[in-house]
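> Feature table excerpt (Swiss-Prot):
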BINDING   R86, G124, T125, R126  phosphate binding site
Amino acid sequence: MRIDNRELNQLRSISFERHYTKHAEGSVLVSFGDTKVLCTASVESGVPRWLKGKGKGWITAEYGMLPRATNTRNQREAARGKQSGRTQEIQRLIGRSLRAMIDLSKLGENTIYLDCDVLQADGGTRTASVTGAAIALIDALESIQKTKKLKADPLIGLVAAVSVGMKDGEAYLDLNYEEDASCDTDLNVVMTQKGEFIELQGTAEEKPFTRAQADDMLVLAEKGIAELIAMQKTALGW
């Protein structure tokens with residue numbers, strides 16, 4: 001039994017609150033336990049310069065944490081004048097993950113910006129961001145369909161993400177902050193609803209992991225992501 005009384009293979013309490021803000025074409029407040037992230041999707045006509053004239057769209061993401069998302073205040077990155085390497089890494093991960101949901105050739109020359117703002121952090125902010133932003137992206141697509149009438153549906157399918165870890169030879173699903181800080185290995189996994197992998201990010205701390213342990217973590221991640229995608233479908237009314 002874990003510190004929050006979950007089983008090793010159990011997700012935290014997950015929720016999605018759609019249409020959380022009124023201005024964005026898509027907005028979702030996603031909660032993975034005590035981790036809460038506001039994900040908004042904004043649609044703009046036009047694409048980056050290197051895509052102009054190609055008839056394709058673009059999807060990109062930004063990520064940030066509110067100053068008091070953690071137990072001590074962190075200075076805003078805007079006040080520091082630069083983004084941290086961690087922030088840049090995470091927002092690239094989110095963008096890559098969400099582009100796997102969409103056939104960009106069917107999006108027209110439109111750009112969708114996904115903004116993921118961490119309101120409260122207790123581990124798994126990047127995986128919560130991917131999973132929540134996927135729903136916001138679908139709501140934004142519906143907005144485009146209503147106003148611009150795309151010739152074909154660009155949606156390929158849902159994606160979701162979860163963290164897994166290895167501690168004392170046992171695999172843990174959906175790590176909170178304390179678990180993430182104390183695990184021998186932590187791994188972030190992003191997958192499609194077809195069970196295909198988009199991203200694997202794994203690191204061992206002090207104690208390397210074996211191939212068998214990697215397989216154990218991936219099996220657990222597949223289970224968790226299948227459950228998350230089922231929850232996404234419920235939230236979307238599918």
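In case you wondered, yes, glycine gets a Cβ from its N, Cα and C as well.
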> Note the Cβ centroid of R86, G124, T125, R126, the recorded phosphate site, then list each other residue of that chain whose Cβ lies within 8 Å of it, in sequence.
Y63, I90, V118, A121, G123, T127, A128, S129, N188
> If I restrict to non-local contacts, at least six residues apart, and a C-beta distance under 8 angstroms, what lies near G124 (phosphate binding site) in its own chain?
R12, F32, G33, T35, V162, S163, D174, L175, N176, D180
> Between the binding-site residues R86, R126, whose Cβ has more other Cβ atoms within 10 Å than any of the rest?
R126
> By the DSSP assignment reduced to helix, strand and coil, which category contains G124 (phosphate binding site)?
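DSSP assigns G124 (phosphate binding site) to coil.
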> Output, ordered by sequence, the same-chain residues six or more apart from T125 (phosphate binding site) with a CB under 8 Å from its CB, or 'none'.
T35, V37, M65, I90, V118
> Please report the three-state DSSP label of R86 (phosphate binding site).
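Going by the DSSP assignment, R86 (phosphate binding site) falls within a helical segment, counted as helix.
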> The record lists R86, G124, T125, R126 as binding phosphate. What's the largest Cα to Cα distance among them, in Å, rounded to a whole number?
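Result: 13 Å between the two most distant Cα atoms.
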